[in-house]
Amino acid sequence: MTNDDLWRQALGEIELAVSRANFVTWFKDTKIMDQADGIVTVGVPNGFSKEWLENKFHKFILKSLRVRIPEIRAINYTIVAPSASAAKQLKSKPKKENVLTSGEQLDFKEFYIDPKTNLNPKYTLETFIVGSFNELAHAAALAVIKNPGRVYNPLFIYGGVGLGKTHLLQAIGNAILKENQNKKVYYITSEKFANELLNSLQNQTIQNFKEKFRDYDLLIVDDVQFFVNKTKTQEEFFHMFNTLFESGKQLVFSSDRSPKSIPSLGEINDRLISRMEAGVLVDISEPEYESRLAILKSKSAEKKVELPESTLELIALLIQKSIRELEGALNTIHIQSKYQNKVLNQEEVKSILSKNIKPRNAVTPSQIIKTVADFYDIPEKSIYEHTRKTEVVRPRQIAMFLIRDDLGGSYPFIGQKFGGMDHTTAIHAYEKISEEVKRNSKLEDELKLIRDIYQNTTATK
Ligand code: ADP
Ligand code: MG
């Protein structure tokens, strides 16, 4: 097999597993340059592609190559000027879907970060899922977009890693620009701010630097916790902050902790922090089960990933810490199913994800419903139907109760889960069962038995 053939085959497989935008962006102009002693050298057009292929796609590329030539052990990625032939190769593949349509080119544009604003157009409010864990932050963002520089100034959003701070900050910038293209919006991380400041001090361009910042209508500074320990940066930033603030410009910050928890390191730091605290502080907490599931559904639709609902439920149950990890898990499972060319069962999903999670008793709403249906000996699907037959109504109420009680599902979510019933049905079910269980020891025993079944089957299955 020639290098070109090998790469063409591998690309064919990779193309199926990654999004169109990713494929075009990261695999364009790539080529196998050399193959010797089990080491393949892949030529890439720039450092960006190199980084992405190394960090994001390496394992997958290696697998696709090994399936064809098992002796391959390693891959080197090396930057080469794009050759016309490699570019042509990607574009002139035989399948019709491979021709880029203008719509797909829009996708491709997603990765274009405007250097004037540092905004990435893919971070929008439309793709931002709102749940109880982040609804305050979202509402504050909307208020800022509606009335920049007014009441919610500065806006300070804090929360742990991978919970959506950058996404929301960028979405504010994108939304304000969408309303008014003439607004001067700028997004910067505190680290980049510090670097730029340092450079401008060294090059004696500090005046330009200051003027540039004075001009912004909206200044977004991400991860301000990194200002800690940088006295000079803090000082400049403090002045800039005051200038912008006093002229009614909007400031938005994020941090991994509240301003109070940023260690105090001197007077300027204290003044900066108390300025930040004087604005609006909102936190983003860890998403609860229901939001995690909603995010997975939205991401699957966005990326055209087709996985069964039960798999999404399991991922939502197992991955709890961050949305970034949730996305990672979704990608992993998607790629694995494509690669193994089958729907992975619950056990397989668990074992693939087990590296990232602590073991726990995983139960999903679907499993609860199935267990309840089995227990009362009715067909599972009847529970989802809007039937009023007594032999179905009661098990349905019990399943609703358990999903609420054990998984903390909200009423609208439960209603929806049961074939789109009204949330008042779920409220009624929950109240009825929780009242009745106090007086009815038979029901109490039944609930205990049902819980035993799903807790044990999921632990050992
Ligand atoms: P942080 O800045 O808090 O570390 P990010 O904003 O980088 O987190 O979010 C990590 C990933 O999760 C990003 O891909 C982002 O698009 C996604 N994400 C975060 N919050 C949400 C949300 N509420 N809805 C949809 N996607 C989200
Ligand atoms: Mg961030």
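Each Cβ is built from the backbone N, Cα and C atoms, and glycine gets one as well.
According to TrEMBL:
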type: BINDING; residues: Gly162, Gly164, Lys165, Thr166; note: ATP binding site
type: DOMAIN; residues: 151-288; note: domain 'AAA+ ATPase'
type: DOMAIN; residues: 364-433; note: domain 'Chromosomal replication initiator DnaA C-terminal'
type: REGION; residues: 1-84; note: region 'Domain I, interacts with DnaA modulators'
type: REGION; residues: 338-461; note: region 'Domain IV, binds dsDNA'
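Of all Cβ atoms in the shown protein chains, 23 besides its own fall within 10 Å of the Cβ of Lys165 (ATP binding site). Highest local Cβ density among the binding-site residues Gly162, Gly164 belongs to Gly164, counted as other Cβ atoms within 10 Å over all protein chains shown. For ligand 2, the nearby binding-site residues are Lys165, Thr166; that is, of Gly162, Lys165, Thr166, these have a C-beta under 6 Å from one of its atoms. Across the region 'Domain I, interacts with DnaA modulators' (1-84), the DSSP tally of helix, strand and coil residues reads 46 helix, 18 strand, 20 coil.
Around the Cβ of Thr166 (ATP binding site), the same chain contributes Tyr123, Asp222, Ser254, each under 8 angstroms and 6 or more positions distant in sequence. Annotation note: Lys165 (ATP binding site) sits in a helical segment as assigned by DSSP. Taking the centre of the Cβ atoms of Gly162, Gly164, Lys165, Thr166 as the ATP site, the nearby residues of that chain (Cβ within 8 Å, site residues left out) are Gly159, Val161, Leu163, His167, Leu168, Ser254, Ile284, Ile323, Arg324. Mean model confidence for the region 'Domain IV, binds dsDNA' (338-461) is a pLDDT of 86.
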